[in-house]
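Shown next, in structure tokens, is the structure this report addresses.
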Amino acid sequence: MMADTLILASLSSYRAQLLKKAGLNFLIEGASFDEREIGKIEKVKTPKELSCFLASAKAKNVSDRFPDALVIGCDQVLDLEGQIFHKVTSKKEAYQRLCTLSGKTHSLHSAVALFRNGRKIWVEAFSAHMSVRPLSSKFIKRYLAYVGTDVLNSVGVYQIEGEGIHLFEKIDGDFFTIIGLPLLPLLVKLRHLGIICD
């Protein structure tokens with residue numbers, strides 16, 4: 001029951017699945033935006049603000065190309081004691097990431113933005129706090145061998161909806177925030193804007 005054209009500015013299959021299961025009709029269009037080219041921005045933004053900036057940048061990038069559509073941009077930032085982490089690019093980096101997170105609590109800041117005609121309509125970030133249990137080197141190696149390269153798509157090198165749940169001893173936060181798309185607040189906003197009809 002959609003009243004408008006929606007575009008998801010993300011190539012994430014997990015985000016697309018969430019929207020599809022929620023009954024939304026949308027197109028997928030990846031943003032042409034290099035997240036690693038943000039060194040200067042990181043120095044002046046908190047991790048939560050950075051997630052909003054990146055979600056907005058992605059939504060604006062796609063909105064500029066498809067001005068009449070309502071564009072959803074998303075991003076997630078992992079914050080460990082104020083240090084910002086990006087997605088890993090190899091199994092070796094994945095191993096190091098899990099060693100770093102082992103026995104510590106980190107935060108995931110997931111932002112969602114809505115843009116139309118290149119203009120921001122809404123952006124907001126939500127946080128989840130993830131306590132990783134102490135992990136042995138043997139466990140990390142076995143885990144990475146089992147899950148394969150799919151975890152390289154996750155900034156935390158885990159997929160909470162699968163085997164990644166075994167990495168944690170405590171989680172404080174919304175499931176959708178952990179996945180990287182704060183779905184419930186997004187649906188509320190889409191209803192408020194009249195995009196989803198009751």
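Using the three backbone atoms N, Cα and C, a Cβ is placed for every residue, glycine included.
Database features, via Swiss-Prot:
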- TYR14: site 'Important for substrate specificity' (SITE)
- ASP75: active site, proton acceptor (ACT_SITE)
- GLN76: site 'Important for substrate specificity' (SITE)
- GLU161: site 'Important for substrate specificity' (SITE)
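Secondary structure at TYR14 (site 'Important for substrate specificity'), as computed by DSSP, is helix.
When each of the recorded positions ASP75, GLU161 is scored by how many other Cβ atoms sit within 10 Å of its Cβ, GLU161 comes out lowest.
Secondary structure at GLN76 (site 'Important for substrate specificity'), taken from DSSP and collapsed to helix, strand or coil, is strand.
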